[in-house]
Ligand code: UDX
């Protein structure tokens, strides 16, 4: 099939490359000319494992092309996918301006029957608004009759950064929200070759499933973080609790890692947007407010613990390992690591940070007093404390014996419990995790 993908961010690009890998012809469109120029040269503008290689492959097979000019490629399109950003406004609601601008542009140049797919995460009712925008613009261009033949399908994405390409090719489910059975079956065929259960729903249900999935996962994280706080007070280990409940197949073992809470471009935004959506519909979704509160408190209490133990951090050298919101990405959006580093800076600490992939992005948001070290060991050398904020595998490969000699004081605060199994106390470190039952929170 011929596809136009509008938006070349994490979702649009991975999905575009994914469909091209399945053999479809994909034209990726973005208003950012410098991004399109880089993509045209085969350069992925962010770090996503395997994506660079996959892009090269589909470029050499001729299945993908990049342009800023929608009009030049829309003529061949059977399907037009919207994957533009819907960032949060200051109120927590999703900002849909880019989505509506792209819809209008589609309406302006679409001159044949096509199925419109919305991949962007959007509040309930948005797909219909997108369709209305497209139809209205088409009518203004005297394409009234054709406008009635345009259908919209909500196909939410569930791609995790770091494993996005893998998630595209093998996923738990593909949700297809449509009014029109033919449009739904076209979208089903588009996904041929992907191993996943198909779930066909109404448009509204599909829109809500996406928010519900992320909100539920965020709830699991906040739940285990609450258990971690309790575990610290009663001398239990939250990792045992996670394992003990996760073995119950009704609960499952995933998303039960306690720590400094969730971040990233999806969870914080989607949980807030769902809370807003509920409020606007006259319903107070109490659980979500608590999930958000617990997540924020998690960063506060980690920071408090650090200051309680170290005393005044002003003028003290603190090493920060990890800045990305999770490993295997260079994304620092809503990263708990960034927030903690910023708080340390604000209190006058001298920060030496290291992240294998996210330092360039972190430089744009952190104070220019932060030192960015070339290795994890360099960051920790001469430090009064080490703070571990992202679970990058290379952190476990460091020689902790050497590290102990390099650090001025042996404090390690692990916001992810990532090094908890290494028995660092035996090497002379004062090691603190989250919910390991070894912290007197009184
Ligand atoms: C998420 C969803 O998983 C994906 O399906 C969706 O469509 C996009 O949003 P992503 O943001 O890439 O994916 O990251 P994810 O792996 O879900 O982690 C989100 C955050 O939760 C990270 O900050 C991570 O560190 C944190 N997390 C995750 C925990 O704190 N504990 C856990 O047990 C799991």
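Every residue gets a Cβ built from N, Cα and C, even glycine.
Annotations in TrEMBL come from automatic prediction, not curation.
Lifted from TrEMBL, the feature list:
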- 30, 35, 86, 121, 161, 269, 333: NAD(+) binding site (BINDING)
- 158, 159, 160, 161, 210, 255, 256, 257, 258, 259, 263, 326: substrate binding site (BINDING)
- 266: active site, nucleophile (ACT_SITE)
- 319-421: domain 'UDP-glucose/GDP-mannose dehydrogenase C-terminal' (DOMAIN)
- Taking Cα atoms as reference points, rank the recorded positions 210, 258, 263, 266 by distance from residue 86 (NAD(+) binding site) and give the first. 266
- Listed recorded positions adjacent to ligand 1, that is, members of 158, 160, 161, 258, 263, 266 whose C-beta is under 6 A away: 158, 160, 161, 263, 266
- Work out how many Å separate residue 258 (substrate binding site) and residue 30 (NAD(+) binding site) at their Cα atoms, rounded off. 38
- Greatest CA-CA distance (Å) over the residues 30, 35, 86, 121, 161, 269, 333 that the record ties to NAD(+)? 24
- So how far apart do the substrate binders 158, 159, 160, 161, 210, 255, 256, 257, 258, 259, 263, 326 get, largest Cα to Cα in Å? 24
- According to DSSP, which of helix, strand or coil covers residue 35 (NAD(+) binding site)? helix
- Task: Would you mind listing, in sequence order, the residues at least six apart from residue 256 (substrate binding site) in the same chain with a Cβ closer than 8 Å to its Cβ?
- Result: 220, 221, 224, 242, 245, 246
- For the binding-site residues 30, 161, work out the Cβ neighbour count at 10 Å and name the residue with the minimum. 30
- Rounding to whole Å, the Cα atoms of residue 30 (NAD(+) binding site) and residue 263 (substrate binding site) are apart by 26
- Task: Using a 10 Å cut-off, grab the number of neighbouring Cβ atoms around the Cβ of residue 158 (substrate binding site), all chains included.
- Result: 18
